[in-house]
Every structure is written in structure tokens, then in C-alpha cells.
């Protein structure tokens, strides 16, 4: 479990760094230029890492199913929804909702086993944990005006 | 209301993305998943960019080169994310990921790293982090 947890923490830290970097890019160009650049570089980095670790095996797509090609489009949906949300509500409120929705859907997925995921029955403890986490996020995000340090 | 709708579905898509990636990774290697999904996303984002006729790529020269490299992190993010989903499930992974994300953003904000506006740590942020940690520990035990 600790290994899985470490992966999640590494991913979360990188997401945070990436958000800072991407918003710096976004200050100068429109969201689609940023998205194209970010996904293009992500593709390149993944391709090179894959080639370094797997060599020619990277090109063997034996079990490829057609819908796999389209799963990348979900990322486009993320960009459209999040940029619109932030534009309409401002980053603080919008990102709080994004994060809460992420958790609610995670719980829904685990408990329904949709898309062939291993079904994890919903327990009261899980629901309570998620509510505590969401409460924490909301307090973190909207609780108290954070003053700018001089 | 429209903003809430967009934000809500943004979150739903983020979780869907993680789930789809980990499902695909049963048939393909993790690196293949990361490469393919971002390739499709890159092509479509590029097409949208061209259709919008808002070519401002020259403006990219104004951005510090370091910040342009953010996209490359996705290789690590997708790889770690898939590994986490497989090992500890969706709910636990997303919770831990969000906690790490908020904690590091918080450190960056309070230290003013990467030229972000420095923000003071205040009680609500502290309480928020403690609550999130408590929730994650409760999930784990």
C-alpha cells in the first residue's frame, strides 16, 4: 500500500508543479496554445521514456482496441471545462468544485465498478472520509482571505 | 450556475481520464498508454488551435524556457497515476494525489517560489490540510 501511496504523492506533487508552470505559459498565450504545447511535450516525453525503457516493444500494440485512441480526448474535455469554470467562477471556487467532483466520482467508480474496474463496496467509513477530505479542501480553498506577504 | 456545471464536469473528466488510463494499461504498457493518449490529445488541441486562428506561438518566446517544460512532467504524472490506481484503487489514489497537490502548492505559495505571489499561511489553510490528512488516514486504516 505504501508504494501505491508514494506513486499518488509523486503524481500530486508533479501536478502542482505543472499547474504553476502552465499558468506561467498561459499568461502569455491563449489556453489552446498552452494545451497544445503541454500535450505535445507530454507525448514527446512519454514516447522517449517508453522507448528508453521498452525499446522496440513500445511499437507493438497487440491488444489495442479502437477506443483507446480516443481516450486522449477526455483530456480535451478537462481543459474546456476547467478553463471555462475558472473563467466564470475564478480559480479558488472553481478548483474547489473540480477537486470535490474528482473525489465524488472516484468513490462512485470504486463502488459501482463501472468500465470493468474492480468493485469496492461503499462503506460508511469511506463516505465519511471523503466528506472530511472535501470539507478540508473547501476550508483550505475558501476559508479566510490569504493576505499577500510583503 | 454554468461555472459550477463546467467545474463539476472538469472534475468528473479528470477521474474518468485516470480510470480509462488504468483500464487501457491492462492491455498496453503504461508508457504506451501515456504516449497514445497524449498523442491524440495533442493532435485535437492543435486542430482546435488552428481553427481558432489564434496563432500566438511567437508570444511563447516571452515565457521563461523552464516554464515551457511543464508538459514533460505528464510522463511522470501519468505513469505514477496508473501505478497508484492499480495498487490502491481510485478513491485512495485521488485523495492522496489531491493532498500532495494542495500541500506542495501551499509550500510554493508561502515561499513564493517560481515567481508566484507570496501568500501567508493562515489558520484556515492549516485546518484544511489537517482535515484532509485525517480523511486520508481514515480511508487507509
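Cβ atoms are placed via backbone N, Cα and C, with glycine included.
Taken from TrEMBL, the feature transmembrane segment applies to A:33-55 (among others). Beyond the transmembrane segment (A:33-55), the same-chain residues lying 6 or more positions past its ends with a Cβ under 8 Å from any Cβ of the stretch are 18, 22, 25-26, 72, 75-76, 79.
Counting only same-chain residues 6+ beyond the ends of the transmembrane segment (A:67-86), those with a CB under 8 A from a CB of the stretch are 31, 35, 39, 94-95, 97-98. TrEMBL lists A:67-86 (among others) with the feature transmembrane segment.
The annotation transmembrane segment is assigned in TrEMBL to A:92-115 (among others). Tertiary neighbourhood of the transmembrane segment (A:92-115): same-chain residues 82, 85-86, 121-122, 126-127, 130, 133-134, 137-138, 141-142, selected by CB-CB distance under 8 Å and a gap of 6+ residues from either end.
Annotation source TrEMBL lists transmembrane segment at A:127-144 (among others).
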